[in-house]
Amino acid sequence: MDVADLRREYTRGGLHRADLPAEPLALFEKWLAQACEAKLTDPTAMVVGTVDADGQPWQRTVLLKHYDAEGMVFYTNMGSRKAHQLEGNPRISLLFPWHTLDRQVHVTGRVEKMSTFEVMKYFHSRPKDSQIAAWVSQQSTRISARGVLEAKFLELKQKFANGEVPLPSFWGGFRVRIDTVEFWQGGEHRLHDRFYYTREGEGWHIERLAP
């Protein structure tokens with residue numbers, strides 16, 4: 001398949017320096033709300049980038065579960081590839097690809113582990129089947145067939161039918177302490193708007209970048 005001529009124009013309007021808030025999370029929250037209003041599929045989906053011990057980058061899609069002035073939060077199996085990589089190198093990249101709105105947001109920072117209390121509170125807010133699934137999957141390990149997972153799920157669903165699903169010891173979360181945020185808005189003639197927030201002490205420095 002020849003993909004060289006697959007392209008389109010970006011015509012949704014620009015992003016102007018005068019309209020930017022002092023804090024990047026204020027603009028992120030506005031854009032996220034607009035992504036939800038536009039009924040984008042999985043508006044909280046973000047591409048999480050990590051690096052392994054050999055310097056090889058890895059990416060996968062994870063759902064954002066909370067954000068505030070302290071950072072952005074996601075949960076995962078702590079035995080997973082990404083968790084092991086973050087243990088060795090806490091630097092992380094997050095990308096929110098809101099293509100339908102001609103937008104993307106790129107976040108960089110460092111992770112710290114969530115407390116057991118925070119993890120447990122979120123874990124027990126999940127649908128029960130999702131809690132059971134956390135026990136079933138030893139994420140990133142090799143399995144012989146999907147049937148192995150399905151059989152284990154049915155076994156545990158019966159086991160926990162009449163009681164609470166306990167928090168797995170291998171399940172946890174990370175908070176991303178944000179260092180930089182870049183907002184990208186597609187523009188006509190490929191003259192896109194890019195604004196880059198860098199943390200400086202208690203505030204933020206904002207720069208416009210060439211597209």
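Every residue gets a Cβ built from N, Cα and C, even glycine.
Pulled from Swiss-Prot, these are the features on record:
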type    : residues                                                                       : note
BINDING : Arg7, Arg8, Glu9, Tyr10, Lys65, Tyr122, Arg126, Ser130, Arg190, Leu191, His192 : substrate binding site
BINDING : 60-65, 75-76, 81-82, Gln104, 139-140, Trp184, Arg194                           : FMN binding site
Q.
I'd like the Cβ neighbour count for Val62 (FMN binding site), meaning other Cβ atoms within 10 Å of its Cβ, all protein chains included.
A. 17
Q: Measuring Cα to Cα, tell me the gap between Lys65 (substrate binding site) and Tyr75 (FMN binding site) in whole angstrom.
A: 8
**Q.** Number of Cβ atoms other than its own within 10 Å, given for His192 (substrate binding site)
**A.** 18
Q.
Quick check on the binding-site residues: of Arg7, Arg60, Arg81, Arg190, whose CB has the lowest count of neighbouring CB atoms inside 10 Å?
A. Arg7
Q: Calculate the distance in Å between the alpha carbons (Cα) of Arg190 (substrate binding site) and Val62 (FMN binding site), and round it to a whole number.
A: 29
Q | Secondary-structure category, per DSSP, in which Leu64 (FMN binding site) falls | A | coil
Q: Compute the C-alpha separation of Val62 (FMN binding site) from Arg126 (substrate binding site), stating it in Å without decimals.
A: 15
Q) Quick one: what's DSSP say for Arg190 (substrate binding site), helix, strand or coil? A) helix
Q | Inter-residue C-alpha distance, Arg60 (FMN binding site) and Arg126 (substrate binding site) (nearest angstrom) | A | 21
Q. Taking Cα atoms as reference points, which of the binding-site residues Arg7, Glu9, Arg126, His192 is nearest to Gln104 (FMN binding site)?
A. His192
Q: Given the binding-site residues Leu64, Tyr75, Ser140, Arg194, state which is nearest to Arg7 (substrate binding site) when distance is taken between Cα atoms.
A: Arg194
Q | Among Gln104, Ser140, the one of these binding-site residues whose Cβ has the fewest neighbouring Cβ atoms within 10 Å | A | Ser140
Q. Of these binding-site residues, Lys65, Tyr75, which scores lowest on Cβ atoms within 10 Å?
A. Lys65
